[in-house]
Structure formats: structure tokens, C-alpha cells
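Peer 1: Before I ask anything, let me first share the structure, which is written out below as C-alpha cells.
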Amino acid sequence: VENVRLLDRLSSRKAALGTLYLTATHVIFVENGSETRKETWVLHSQISSIEKQATTASGCPLLIRCKNFQVIQLIIPQERDCHDVYISLIRLARPVKYEELYCFSFNPKLDKEEREQGWKLVDLNEEYNRMGIPNNYWQISDVNRDYGVCDSYPTEVYVPKSATAHIIVGSSKFRSRRRFPALSYYCKENNASICRSSQPLSGFSARCLEDEQMLQAIRKANPGSDFLYVVDTRPKLNAMANRAAGKGYENEDNYSNIKFQFIGIENIHVMRNSLQKMLEVCELKSPSMSDFLWGLENSGWLKHIKAIMDAGIFIAKAVAEEGVSVLVHCSDGWDRTAQVCSVASLLLDPYYRTMKGFMVLIEKDWVSFGHKFNHRYGNLDGDPKEISPVIDQFIECVWQLMEQYPCAFEFNERFLIHIQHHVYSCQFGNFLCNSQKERRQLKIQERTYSLWAHLWKNRADYLNPLYRSDHSQTQGTLHPQMAPCNFLYKFWSGMYNRFEKGLHPRQSVTDYLMAVKEESQQLEEELEVLRERLANLQKSQLNYNEVNSKQQDRSKQLGLSTSNNSLANTPQEYSNDLKSFPSRSPSQGDEEDSALILTQDNLKSSDLDLSANSDQESGVEDLSCRSPSGGGCLPSEDSGKDSDEAVFLAA
Amino acid sequence: MEFAELIKTPRADNVVLHRPFYLAVEGTLCLTGHHLIFSSRRQDNAEELWLLHSNIDSIEKRFVGSLGTIIIKCKDLRIIQLDIPGMEECLNIASSIEALSTLDSVTLMYPFFYRPMFEIIEDGWRSFLPDQEFELLTSVTDEWRLSCINKEFSVCPSYPPVVIVPKSIDDEALRKVAMFRHGSRFPVLSYYHKKNGMVMMRSSQPLTGTNGRRCKEDEKLINATLRPGKRGYIIDTRSLNVAQQARAKGGGFEQEAHYPQWRRIHKCIERFNILQESLIKLVEACNDQSHNMDRWLSKLEASNWLTHIKEILTAACLAAQCIDREGASVLVHGTEGTDSTLQVTSLAQIILDPRCRTIRGFESLVVREWLQAGHPFQQRCAQSAYSNSKQKWEAPVFLLFLDCVWQILRQFPCSFEFNEQFLIMLFEHAYASQFGTFLGNNENERSKLKLPQKTMSLWSWVNRSEELSKFQNPLFEANSLVIWPSVAPQSLQLWEGVFLRWNRPSKFLDEANEEMFNIIKYNKELQAKVNALRRQLAEMETDDRMQENL
């Protein structure tokens, strides 16, 4: 469709004219005119809702909301076209078969071996070995070999050595969806562990000997402690209501030596509505400070984030400080339990704060234990009531921790944002389906690629420059402030307003420091070369011409290094009064904006003379042209810069 | 008066000091004329706490048996608690602190007694003189002149002795204009935008009154700043409603009929007690440790602090936009032209002028646009967030300005030569200081108090390399562009460095800053080494060549 206008949400004056394309996998908007032909790519699987609004004089508006929080507002001149696009998108955004998803057609031009290699990057058995398991207390169990006991669990589960197959099967029959207690994290320093399960089918009075033995076995696997925490992550009221349906929670009288604890995290429906409310606030057009803060509070979002963090902190404390094992469950044990176990692991073990470790953590607590990715993130058309931002909340918890511990994580914010993006993108097979069983049936590993390999390949983009493996923040357990520090939880505009670049800091400290570090590395190399050359020169005085020319090459190379000098920064609409100023008739509106940007570019080049006041010889000029603005070089998976993707589509 | 009269108990032993995030420490408390000194005698960790009496905002006392407790709330927002054994000692100390922290005579303040322990390299009182500023101006334009009309502070008591005005307007006209403006604050030059020759001026409101008085000289003066055929903007920092109401009290605003070349824009920036209450509410919310997440956000919202930040920044951005983008000159005023006006003119300069983002340039900005421009520091900063007395003149106008600067700094972390600590330091010294810089309400008072002769300037201390290194931003790279901050609520944050400074553990953030510093330091060292080697190589090569030629 031609002559479509893409509106800028922040400023109604800026609208880009271009052509809209629909392909089998993407919506693509290509701007007319400008030589750059700016492109906006949106994966169908990212579309969360499409809204056709009332036709106006200028055309028919179409509003596309995406699961990665992008909001696209198009105006299509012809009502008919708009309707066609709308109908097509509704169908395309709601695939009914897995085979329709992007990952089955996505081909990053890797051969079979590379693909297999990619899937092997994260190996959970290796991870349990890293924890020190199997050992005297824990072993791998093949009781779920053919998914015979629990179809949402992995085939390989780690259980206490003293838990026989009989106990496990017995316990599984007493647990919702047969999700029996299994090991999530083991702390080899003090033998304390985190186990996870679903709620017991206790109703008002039911008991199960095997289940009691199972918990006993978990407690005994930690000989240093004489009790076990059982943490129910639901609000008490919800758990009690479940008793009427024959479910419920552990009765302290029936289980020997447990301490039972509720930590109220709301259910998926509350969370879905909360996010919805927060996104409405984010979408407000020029909100006042009160609108924003009031809306943020009203959404309850940060309160929920804090509840998840508090639960994670409680468990990490029990394990690290008290040396007590913890069994965590909620209702089915695949949402809140996954959030809480992974937050606790992240606090406890610095390994999970590395890039590789974080991939392992998601693979362990989310993918393998049957977090229902397909249902929660609506990959296939399904029940909208099943959709909920469960992993989004976990990802935000990590970001909140990163804000409090800037040196503790090997990866940066971008890493989190890209993982969130790919949970919804269906470009890689990792997060398909609802369980390991389904993924194996679909032969995901043979037919799709792994996100982890993709991220690992580009890991330079995701590094936190402040991370040092020998820094104190990267050692041991993190102890976040518990109760009163509510103000530590902040709105994450980098995620929820991620596509409104105008709202973010215009200069990225992370990118700047990465550039500096990269340059330091080059300098180190050059220093080596120079030293060598100097030594040679001192020995024999030959070949200086060659040396000289080489040196010049070097310095040129260095000068080019990391410069990216686009501070494309234009003022917002600070006042509505300005627009109607009478004396400026000829150049108003859109033209004016582009003209202004041009003048700024001109200004920039002329101003370089001012800033580059360093002498050419010293090499300081290398620094002065390295602008910290990361704007243009962000690897943005949706702007179509991914060359692999482009190749695929051209073919 | 002798301070000794006020100090009944100069010293108390076995006092316990409580601070958030620190273990309680036992030690000795001493009172001097200007300080409260707490020193712990613990062998392993001897430490001293020196607190200026003038930093104390309020004090509370409590008794449990014979153990007295004093809670001291400071103007820098810190709260400490001292447990003092002995009821009498405790009462004596409390009353002494109360008396010493509320001295009513300026000349009894610490700056008049402070003797610097550092070598003075540069006298800060002479670091930023109007003549130097004017010299810079004359290198780019000759349309302005330095007027000494206010030499004896006879025309405008809150203006400095010399001001910059359009060349075409003589002193006689200025006198008439002064009669037409509130507090005689006639329009003067605030900023000259080199890029396009546009200017920003500031003044107070015109005294039009209800019957629409006009003053030809005033019109002529501000029109003199316009290029032929061009128009300008008047940014009134009050809402239209407030401006209209001001007419009843003799004030008012510029009527279109009399200023046809000017377009007036009203922006609503709050004043005095509204700001003070906002600060009090905000600090209360930050110190409230009991509430849950919902209460925190609603209290933050109810304080309105961030709303004020947004309004001030928006007005400043608007002024900058008029100048840089619309190519128009701007006149900014509110009522008196000593508060919101200065917030707008100084922030606009930070947006427009890269010089103001350097340490020295920022100091110069504070001197020009706040101290010399007659912001009444002594009245505004007499009390801070914990004061019980509701006096009319207190308002965190300068703190709001610093907060706005911090917001821009946060959005452009590489464009400022100074860091957050620099801004926090200025906040502290504006409220309590050993230096005379922020004493008095205007240049007139400062000269009567003979501050340059009798006290030390803050700038003398700051501008030494030992101190400067603490305030330098390692990420700084000169950015000669105009920087347009975002004023969307998502982009504005609570300034934790000030408001949560004493309520949050800062260890991890400090470590991050240190790490950042080291990364850059290492880079610079490497560069120096590489350059040295390159030079050495080049020299050896030329030597070689010379030998060969021989």
C-alpha cells in the first residue's frame, strides 16, 4: 500500500510518508524520499493488537500495538486498503499452527553443524554438575523418562538420593498436574537447596505419605539444617480458596519439620491487567507528571515487581544465611515459582549474573520446567486469558537489580531487552511450545535455531563495561535492601517506552565506556607493536621507510576507530503556543523540522573545528571525535539491519 | 556577643551517635561557636563528625529516664541522633545548639571566623567579574554597552553595580525604565547566542497597573534588541491569570498594543511557600520508611516536586527554542524577576551554551545569573525541609535549579565537565557554608557586609586542582551542540543523590563510579604511553635519516 503515513507518537507534526508492505512474516514500512529509506520492520508474532479507528479526512488510521511495547500508528489513505490490511494482519498475527511461526522459515545461513553447536551452548546436565551434583545427597532420576510421571517436566530431574521412584510417583499424584518437588538450585557450600513443585492436593484434610516422605528427603539432603521452608508464593486468600477445589497448601502438622510461609504474589490475571494499565500510562500523549505517577501507582506494577523480588530475597537469605533448604510452589508451579526460583538463584550465585549463566538460568528455571511460553506470550492463537507478562516481570527484576548493583552483571540492559523481544518474536526455537515434551515432538532443535547461539555470537554488544570478574560485586550473594526501600524500584522506560528514543538519555554511558575499552585494547596492541619496533630500531637501523608507512596506517586506523557522531537531538514540543506564531509563515510544519535537522548537521561539521583543539600529533583527537551517542549503531533486531534476515526475505 | 555564653555544656562524654546504615558509635561530643563535633575514641576506627551549626535545620529532644536523645535534622537533609547521658547535659546541649543554629546576625556566621587551611591560588571574589564577561561579548558584537548606572546601588538595590544594556539606550532612559519595572529591575542582557546573534534578557514585571500605564523608554529598550523586521518572545513565568491579578497590585504584563513586535507566552512556575511545602512533603516521603510501594508513589506524586521540575525545564527549553530554533530574541520575567526568571534564564543557557556545561562556565553562570542577578539566597535558604517555622521567604528555588541541571546531566552524561557531586556541593554551600559566597541577598548587601574582604570565596576553594578532581566528570567530552532535554515524565527522575542520599546505601553506586573512572584513566595512560613511544620512534627515524644523509 502506498502513500501511507507513519505517525510519530511524541509529535503530531512529524509523520513519515512511505509504503507499507505485508510479507509472510513481517509488516514493513519503507519511508519515501530520503536517500536512507528508513525502514520499520515488525514481526507478525510481535503484534499484540490491531485497532482500526474511525476514518478521518486524511485517511483511515490503523493502530498496531506490539508485544515488545512498540506502538505503530499508520494512516492509510483508502478505507478499503485499510480494511484489507487489517483483515490480513488479524489473520497473520494469530497463527494457529507452529509451522506458521517465523522460526521455521528463519534461516541465518548456518550449516547443520553450527546449528547443533548452537543448541549445545546451554547444557543443563553440565549446569547441575557445576553445582556439584550428582553427589551424596542428590541424584538424577529417570522416573520421568518418557514424560510418564509429569508431562510438563523435563525427562531428567534431580531429586534427593533417598527419594525412591515409589516416593516420587506417590508424591506426584498428590501434586497439581503431577509436578512433584524437584531440585532447582543447590548450594554446595552449605548443602542448602531450592526445590520447586506445584501445590499439594490437600483440600481441607487430605494427606499423602509419599509426599511427606518426599519433603522429608529434601530436608535430609541438607544435614546441616533441622527444618525446611515451604514457601507458597500466592496470597494466602488465593491458596485457601484453592482448598475448596481439592488443592491448597501444606499443613505444618502433617509434615515434620517444615516452616510454612506465604509470600503474596498475585496471579497471572492480576499481572496482565497491571501491565495493561501501565502501558496505558506509557501511551498517554504528553501526560503531566501527576498523570504519570498516579497512573504508575494505580497500575500496581512496581508493587508486583517488589513482591517478586521480596520472595526471591527471602529464599536467597534462607539458603545463604540460614543454610536452610526451601521448597517453592504456587498453584501449578510454572509461573510465580519460576520467577521466584530464578530471582533467588541470581542473587545467590554470581555465575547466573554472567551472560552464559543467565542463559543457563532461563533454560533451567523456565524452559525445562515447563513454563508455558506458548500460552503466556500468545505465540499461537489461544485463550487471551492465558496471556501474562510472567517472564517480562522476571526480566524487569534483573534490571532493577542491575540498577542497584551496576558492576554485578556481565551483561547490559540491551541483553535483557533483546531476550524479552525474542520471547515474543518466535524467530528462534527456544521459547516455542509449553513444555520440553512438545518441543521434542516438534523436533525444534532440528528445525530451528537457538537464540543463545545468536546472542553469544554478538556478545560484544551485550557486555556491561563496568563488569570485572574480580570485582567485589561479582562475588558471592547479593544482599539487596529488604523492606523499606521502595524508592529503589523505578519505572523502566528503556523497556516500556523502548521505541520512544526521545525519552531516553541521549548519550549512553554504556556505549561510551565500551568504546573507550575497545580503544584501550587497540592501544594496548599498538603499544606492543611500538615497543617491538623501537627495540628493533635500536638494534638495527634499517627499513625505516617501511616502518614509517606502516605507522601511518596504524594511526589512521585508530583515528577511525569508534567515531559515530550523530547527536540527532531535536527539541520536543515545549509549547503549543509556538506553532501559531504569526511571523513564520513560509516554513512551517514538517518541512521546517527536516530543515532544522539539516542545519544541525551543518553546524555539527563546522563545530568540529572548535572541539578538535588538540594537536594532531598527540593523538588526542581520536577521543574528541568519538561521540558517545549510540543512536545509530544499536543492533536493533526490528529495523531490518540484521543482514541474515534481509537475505532471507530477498530470497 | 560571646559564643561562650550560649554554650553551657561544651563537652559531653559517652555520647552515642546513630546514623542510618552505620553502626552506632560511642564518643565525645563538643560544642564550639560554630561546630558540633563528635569524635569516637575507638582505637580501630577513630572518626570525627563536624557539623556546622548553621547546617542544622531543626532539633528535637526526647528523654527516657536520665538518658536524653537529641535528633538533629540538617539542611542537607541528613538526620542524626545523639544519645546523651544526663538530663541536664542533654538539655544544655540542645538549647545551645538551638541558639547557635539560629543566630540572627550575619556577621556572627562562620564565614566571618573561618580561616582557610589551604593556600589561596586565586581569589574567587575576583574570578568572575562583569568586565570579563563584557569583554567576551564585545569580541562578537558591538551592540551592547556596560552601564555603571547602578554604581552606588542607587537605581536598583538588587542589581549589581554594572549591567549590560543595549548601546542605543542611555542611562537617562534606563532610569525611566527602572521606574516602570517592579523593584526597578529594568531589562538587562542575560545571554547572547553567538550562533545567530539572538539574545535573552531578563527583568521584573512592568508596573502597568489597572489603567495600563506604558513607558516609551521601556518599549524602546526591549525593541532595541530586535533585528529589523524581526519579532521577539516575552516569556512570563506566571500564568495569565496570575499576571492579570498582579495588575491590581500595580504590576502587570506587556500589552500587545504597546509591544506589537513581541509575542507573550505564559508559563506557570510556582513560587515561595508552594515550593517550600513541596520540598517538605518530598523529604517527608523520602524519609518515611514504613509505607508500601503504593504509598511511596502517591506521596512522590503529592509532593509535586517533579511537576515543578517539569514546568521549570519546559519553560527553559521553550526560551532556548525561541532563541536557537525560531531565531528570536527573548525577554524573561515573572513578578520580581529574582526567582523563576533566573531558573529559566540560567537553564536556557545550559541548554544553549556549551561553556555553561564546563566547571568554570557553570560557576560563572551561578555568579552572573544568581548571585549578581540578586537571587535572595539568605532569605530563600534560611531554612530547609525540616523547618517548623513557616516563614514567607524560604523557597528551594536554587535547589530546583540544581535538580533541573541534574536532570539534563542525566540525559547527557557525557556533555558536562562536572559531575553530580559538584551540584550537591553547591546545594550544601547555598544552605550552610564556611565561605561567604552565598551570604546576603544581593551584591548591595554583600558589599555592605564587606564579604570579599572579610570572608573567603567558595570559588577560591573549589578551583584548586585537589578539589576540582572530585568534581570532574570522567565521561566529559566537549559537545558544542545545543542539547535538548526531554521533559516527558518518563524522562524525569527523583534526584536520589540529594533526596535519598542518607537513606540508601551508596556503596555499590560509588564502586560503579570508581570503575568508570578507572576505565577512562587507564585509557588516558595508554594514550600517553603510545604517544610518547610514537614520538620517540619518529625522533629516532629522523636521526637515522640524518645520519644516512651525512
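Backbone N, Cα and C define each Cβ position, glycine as well.
According to TrEMBL:
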type	residues	note
ACT_SITE	A:C330	active site, phosphocysteine intermediate
BINDING	A:N267, A:I268, A:C330, A:S331, A:D332, A:G333, A:W334, A:D335, A:R336	substrate binding site
COMPBIAS	A:558-588	compositional bias 'Polar residues'
DOMAIN	A:118-496	domain 'Myotubularin phosphatase'
DOMAIN	A:299-343	domain 'Tyrosine specific protein phosphatases'
REGION	A:545-651	region 'Disordered'
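Walk me through the surroundings of each of these features.
Peer 2: For the recorded site, A:C330 (active site, phosphocysteine intermediate), the DSSP three-state label reads coil. A 10 Å cutoff on Cβ-Cβ distances gives A:C330 (active site, phosphocysteine intermediate) a total of 28 other Cβ atoms nearby, all chains included.
Using a 10 Å radius centred on the Cβ of A:W334 (substrate binding site) and all shown protein chains, the other Cβ atoms total 26.
For the domain 'Tyrosine specific protein phosphatases' (A:299-343), the list of distant contacts is 152, 176-177, 179, 181, 184-185, 187, 190-199, 215, 218-219, 221-222, 224-225, 227-234, 238, 242, 247, 258, 261, 263-268, 270-271, 274-275, 277-278, 280-281, 352, 361-362, 364-366, 369-372, 376, 388, 390-391, 393-394, 396-397, 400-401, 477-480, 482, 486, 489-491: same-chain residues at least six beyond its ends, Cβ to Cβ under 8 Å.
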Peer 1: For the recorded substrate site formed by A:N267, A:I268, A:C330, A:S331, A:D332, A:G333, A:W334, A:D335, A:R336, which further same-chain residues have Cβ atoms within 8 Å of the site's Cβ center?
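Peer 2: The surrounding set, listed in chain order, is A:S198, A:T233, A:R234, A:T337.
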Peer 1: Name the residues of the same chain, 6+ apart in sequence, whose Cβ is under 8 Å from the Cβ of A:N267 (substrate binding site)?
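Peer 2: Non-local contacts for A:N267 (substrate binding site): A:R234, A:N238, A:S331, A:R336.
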Peer 1: What is the total of other Cβ atoms whose distance to the Cβ of A:D332 (substrate binding site) is within 10 Å?
Peer 2: 19
Peer 1: Could you tally the C-beta atoms, other than its own, that fall within 10 angstroms of the C-beta of A:R336 (substrate binding site)?
Peer 2: 28
Peer 1: Roughly how wide, in whole Å, is the group A:N267, A:I268, A:C330, A:S331, A:D332, A:G333, A:W334, A:D335, A:R336 that binds substrate, by largest Cα to Cα distance?
Peer 2: 12
Peer 1: How many helix, strand and coil residues does the domain 'Tyrosine specific protein phosphatases' (A:299-343) contain under DSSP?
Peer 2: 31 helix, 5 strand, 9 coil
Peer 1: Between 0 and 100, where does the mean pLDDT of the domain 'Myotubularin phosphatase' (A:118-496) sit?
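Peer 2: So the average pLDDT across the domain 'Myotubularin phosphatase' (A:118-496) works out to 94.
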